[in-house]
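J.: In case it helps, TrEMBL gives these features for our protein:
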{"type": "DOMAIN", "residues": "8-167", "note": "domain 'Diphosphomevalonate decarboxylase-like N-terminal'"}
{"type": "DOMAIN", "residues": "182-309", "note": "domain 'Mvd1 C-terminal'"}
Amino acid sequence: MKSARAVAHTNIALVKYWGKRESSPADLNLPAVGSLSLTLDRLRSETTVAPADQDSFHLNQEPASGEVAAKVLRHLDRVWQAAGHAGARPTCEVRSHNYLPTAAGLASSASGFAALTLAAAAAFEYDPGRPALSALARRGSGSAARSLWGGFVRLDRGVLPDGSDCRAYPLQPQSFWDVRLLIVHTEKGPKAIGSTAGMQRSRDTSPYYGPWVDTSEADLAAAEAALAARDLPVLGDILEHSCFKMHACMMASRPPIVYWRGATLDVIHAVWRLRAEGLRGYVTSDAGPHVKVLCAEDQAEELAVRLRAVPGVHAVDVVGPGPDPTVEVSA
Ligand code: ADP
Ligand code: DP6
Ligand code: CO
């Protein structure tokens, strides 16, 4: 094997993924709904995979253990198996750095598993092309399938039981539309319940889960058309609807899954107030307390200044559409 280093940018869903369909084996990780995302500039994971005497995983310079390390090593096994090499997987040293908060609802699993998939495949000299690598990244984390491309990306739900048609593809490149996403940070620290466990609870207990799944294809089709037309108000309406529908499904789970804090709602209402004043921002939020606001480039700074003044807001980052991932191999 070789040593390889990959950089993958995170992505935020404009039409959300929440829920998995049954699969055998369960770790195929097949989403119950398709999703549509924007890959982000700057927020990224950088991961190296190199041969070593024993397996190890370091995240942000710290040795990782437990499930965090186990998930990474299981993923190396998957990539090795997909590569079809004879014999046992070589032992590897994996090091990753997240240039974004980990497990805080800012999609570290997306950039993390996309970078890991790319670095491991290159280290194992396996090059099946990005669509197949996207399907492989999905098995590490559903949202990771979308971080194989920059710009605007769609992940289809797929219909095949082996998941081979469940992979992302690019809709529009990074240069297509110079929008901005404001990341409005409220609470610090990791989320109370991870996405994987939260989705399972919603599927098992939320009475809104069925309607959530049944209505998502229509949102995807409408969002794709609004994106192609660069129609911000129409896309904004769809992304808010998808976000609130997902959170309603989460909140109606038993016990309830409530990722929002008081400041989350204060920011949402502030965005709506500002919109009435002509600052056109549209809110979305994931499995965490932070709010993301999609807006036009020429209104981003003004919106950021106004949202920094909302009590409970720690910081507002302004990010644009991000690039494709990159991979480098050394001997
Ligand atoms: P997030 O909102 O950050 O995506 P998730 O609960 O979906 O939160 O996933 C967080 C988990 O993803 C972490 O606990 C860890 O297991 C994994 N993860 C995060 N970053 C990386 C990385 N760079 N490399 C490998 N795994 C990672
Ligand atoms: C709310 O991709 O983190 O951010 O597949 O179990 O790893 P796993 O889940 P993950 O879920 C992301 C959920 C979301 C919405 C989205 O990104 O589409
Ligand atoms: Co995640």
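In case you wondered, yes, glycine gets a Cβ from its N, Cα and C as well.
Curation does not apply to TrEMBL; its annotations are automatic.
These numbers come from a predicted model, not from an experiment.
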J.: For the domain 'Mvd1 C-terminal' (182-309), what's the mean pLDDT in this predicted model?
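T.: When the pLDDT values over the domain 'Mvd1 C-terminal' (182-309) are averaged, the result is 96.
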J.: According to DSSP, how is the domain 'Mvd1 C-terminal' (182-309) divided among helix, strand and coil residues?
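T.: Across the domain 'Mvd1 C-terminal' (182-309), the residues distribute as 78 helix, 13 strand, 37 coil.
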